[in-house]
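The structure appears below as structure tokens.
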């Protein structure tokens, strides 16, 4: 007769129950009807929303773009080669999110925030949505702190404040990325975290930017998010949102961040590809009708926070490529309308050897002057006005055989001022040296020199001031003002250097 032991049976059942690790979940699933070019048309799942993540049975994740009565169109975030007709797909009920932490500093990641630099995994402290609401009006405060770029052509005349959105716009090969790259090393010691987002570029230029950051010691406070032209269009579309999420992580921890989007026009091309393949209705230049909503979302999250959220800030600097200087094209105007100003780089100035090729007349900064220090305000106004008015006499002088004296003087002053704004790369200037150089041009101290003598002399003049006449810098640096004593000493120093420079030329 079988001997039944109830206590032993109970212990076996309890042990097996404790080891049971299967979970029961309710998911809305669907079936792939058609797949190709990274686009899947799915029958079901019920209730899927636009922007929701969907997952195939092999683990490939995609984003639902179209939600129609009987099917949904989704774009794959991978190569999509393993997805076949008849495959099962489930709705996750989530939107895209990434891991974030301080460990991302000094690293290179892709749109899903996975490392791509071969230095191992990145320890994450928390997840963050790639698309989150921008700070509200109550959470913001007016821009009042300067974001120094170290460029004499921008800081005095087109100033940028922390929390501002300043566009860098220009034709191909005019130095847009160079301006952004030069700004990053200048943030050393300023408690600023930099986020560089490369969108749809070739792999070699993106790698060169990262290498430049490493050479200048800027990578220790920089995060690079790179999605080159090879990955799927979905990754290029998501890259700016990943960068914005990383910048927000630091901003809400009372840090100041600078995020560079290079460049949103490539994101628009990727979004156009994503939209045309699922047969969404095309609009102007074949872009979908909601492309004006595409570009404002990442820059709008830039802000200067008020005291309650911690007074952190995110400064956004998108770069956009124009064709033949056409700033009124569709994508450039979309991005321009979302920013607080623009730094316009001219192809004509670039071809003439002016670096950086900033066109002061077209460039503007709407909220930046409120963040400018007093010393820079005191000296910059006159120089900006002269450079903005210089284009007209310069153009007329090319056709006039004998221009009048006033036109000749104005043209000569403009040429000298332009020479003073030339700056080699990389050579960021501290504020006090920018003030001295700008004041020298605005006050006419360089008028006694021939234009040929002005070429190369600004760097020598700054070196002379630092070595022999440090008093003006010692006044400007702590007080942020340009006093009469500083002006007097600076005038004497420039006069001495000009005389010695002219003497050397004669010898």
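Cβ from N, Cα, C; glycine included.
Swiss-Prot lists 170, 171, 172, 173, 174, 175, 176, 177 with the feature ATP binding site. Under the heading region 'Disordered', Swiss-Prot lists 278-325, 392-430, 452-471. The compositional bias 'Basic and acidic residues' annotation in Swiss-Prot covers 282-303. The compositional bias 'Polar residues' feature in Swiss-Prot is assigned to 305-322. The site 'Required for activity' annotation in Swiss-Prot covers 363 and is backed by sequence analysis.
Counting only residues at least six positions away in the same chain, the Cβ atoms of 205, 209, 262, 319 sit under 8 Å from the Cβ of residue 177 (ATP binding site). Nonlocal intrachain contacts for the compositional bias 'Polar residues' (305-322), taken as residues 6+ away from its ends with a CB within less than 8 angstroms of a stretch CB, comprise 135, 138-141, 145, 147, 160-172, 176-177, 179-180, 183, 244, 247-248, 250-265, 295, 298-299, 329, 331-332, 335-336, 339. Taking the Cβ of residue 173 (ATP binding site) as reference, residues of its chain lying under 8 Å away and at least six apart in sequence are, in sequence order, 350. Helix, strand and coil counts from DSSP across the compositional bias 'Basic and acidic residues' (282-303) read 11 helix, 2 strand, 9 coil. Between the alpha carbons (Cα) of residue 176 (ATP binding site) and residue 363 (site 'Required for activity') lies a span of roughly 13 Å.
Residue 363 (site 'Required for activity') is 15 Å away from residue 174 (ATP binding site) when you measure Cα to Cα. When the binding-site residues 172, 176 are compared by the number of other C-beta atoms lying within 10 angstroms of their own C-beta, 172 comes out lowest. Taking the mean position of the Cβ atoms of 170, 171, 172, 173, 174, 175, 176, 177 as the ATP site, the remaining same-chain residues with a Cβ inside 8 Å of that point are 321, 345, 347, 350, 357. In this structure, the recorded positions 174, 363 were compared by how many other Cβ atoms lie within 10 Å of their Cβ, and the smallest count belongs to 363.
Taken through DSSP, the compositional bias 'Polar residues' (305-322) splits into 0 helix, 11 strand, 7 coil. When other Cβ atoms within 10 Å of the Cβ of residue 171 (ATP binding site) are tallied across all protein chains shown, the result is 18. Summary: among the binding-site residues (170, 175), the fewest other C-beta atoms within 10 A of the C-beta are counted at 175.
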